[in-house]
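Below is one structure, written out as structure tokens; the observations come after it.
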Amino acid sequence: MEQSRAQYGRKGINMGNIIGDPFALATVSISMLAWIIAFISSIIATTQVTNDSGSFPPFAWWTVVYMSFVIAGVFVVVASDTAQTYHVALTGYLGAALALNSLTIHSLIYSANGARQAAGAGFILMAMVTIVWIFYFGSAPSAKPRAYLDSFALQKESHSRQMMYGGGRPETSTSVQPPQMYTSAQLNGFENPSPVQGISTTQARNSVVAPTFNATPPATKGPGQDQEVVPPTEYPYRAKAIYSYEANPDDANEISFSKHEILEVSDVSGRWWQARKETGETGIAPSNYLILL
């Protein structure tokens, strides 16, 4: 867990997050191309000022500058895999970008000048991509349209991961540390006093006082309690991570995982799923960060 958390902390801009995602690659590429068309056409239209056409609208230049920052922001957010963190702010900026593009299109598209019409076409393309981005980043990760778009990137990443590890690695991985060893150690403190009253309660309390706050199970546990932990948990389901997740350091049961990572899941009920990684590490993972295969 510490190793995975360290890898998560070192994660920065990764071009694989864009190249491996067809949706991100297509929309970012189209927006960049549209911005170049609008920028070059605006320069040409500025030099072609006539008495009939009038001066080039200065408002369009502000839209060009604003869209350059918006496109760069989307690129950085997607490449750094931080959409879950900044999707609210990004949606707000995209909403303002749509309004600016609409006003600029209205002031350019009806002109008889060819350069202005070309600039208007570039702004139209940027507006179309902006609408798609607003729908994508404004939707919850569990939304079917967004999950469908993310599934293309996940399948591509899954194929490359299987080729790298020889294929079928998650199916043959074994759990070295069953998660019940940690769960039962925490639950025994609550389960022992409940069915036993009177003298047995004091005996159980005395047996727990010495090993309190130890990471390993207490030495006074009977063999019957260890037998409950021995049977391994089966993981009939498989899931893929939509986003990266860093485990809470205060909760030893959580596990960290990276985006597009394949996990094995034992139970899909509730908000937290019992999962197992390819390395054999087990723990609980938030269900809204995973998608079932």
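Residue positions begin at 1 at the first shown residue.
Note that Cβ sites are derived from N, Cα and C of the backbone, with glycine treated the same way.
Across the domain 'SH3' (234-293), DSSP classifies residues as 3 helix, 25 strand, 32 coil. Taken from Swiss-Prot, the feature domain 'SH3' covers 234-293, and the record attributes it to sequence analysis.
Sequence annotations record features per position, and here Swiss-Prot assigns N-linked glycosylation site to ASN51 based on sequence analysis.
Annotated topological domain 'Cytoplasmic' per Swiss-Prot: 1-23 (among others), in sequence order.
Residues or ranges marked as topological domain 'Extracellular' in Swiss-Prot (evidence: sequence analysis): 45-58 (among others).
Through the fold, the topological domain 'Cytoplasmic' (80-88) approaches residues 11-14, 17, 137-138, 141, 243-244, 259 of its own chain, all at least 6 residues removed from its boundaries and within a Cβ separation under 8 Å. Taken from Swiss-Prot, the feature topological domain 'Cytoplasmic' covers 80-88 (among others), and the record attributes it to sequence analysis.
The feature topological domain 'Extracellular' is assigned by Swiss-Prot to 110-117 (among others), with sequence analysis given as support.
For 139-293 (among others), the entry in Swiss-Prot reads topological domain 'Cytoplasmic', with the evidence type sequence analysis.
According to Swiss-Prot, the feature transmembrane segment maps to 24-44 (among others), an assignment based on sequence analysis.
Sequence annotations record features per position, and here Swiss-Prot assigns transmembrane segment to 59-79 (among others) based on sequence analysis.
The transmembrane segment feature in Swiss-Prot is assigned to 89-109 (among others); the stated evidence is sequence analysis.
Under the heading transmembrane segment, Swiss-Prot lists 118-138 (among others), citing sequence analysis as support.
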Checking 24-44, 89-109, 118-138 against the transmembrane segment (59-79) for Cβ pairs under 8 Å, the most are found for 89-109
The topological domain 'Extracellular' (110-117): DSSP-derived helix, strand, coil residue counts:
4 helix, 0 strand, 4 coil
For the transmembrane segment (89-109), distant same-chain residues with Cβ under 8 A (at least six beyond the ends)
45, 57, 59-60, 62-63, 66-67, 70, 73-74, 77, 83, 116-117, 119-121, 123-124, 126-127, 130-131, 133-134, 137-138
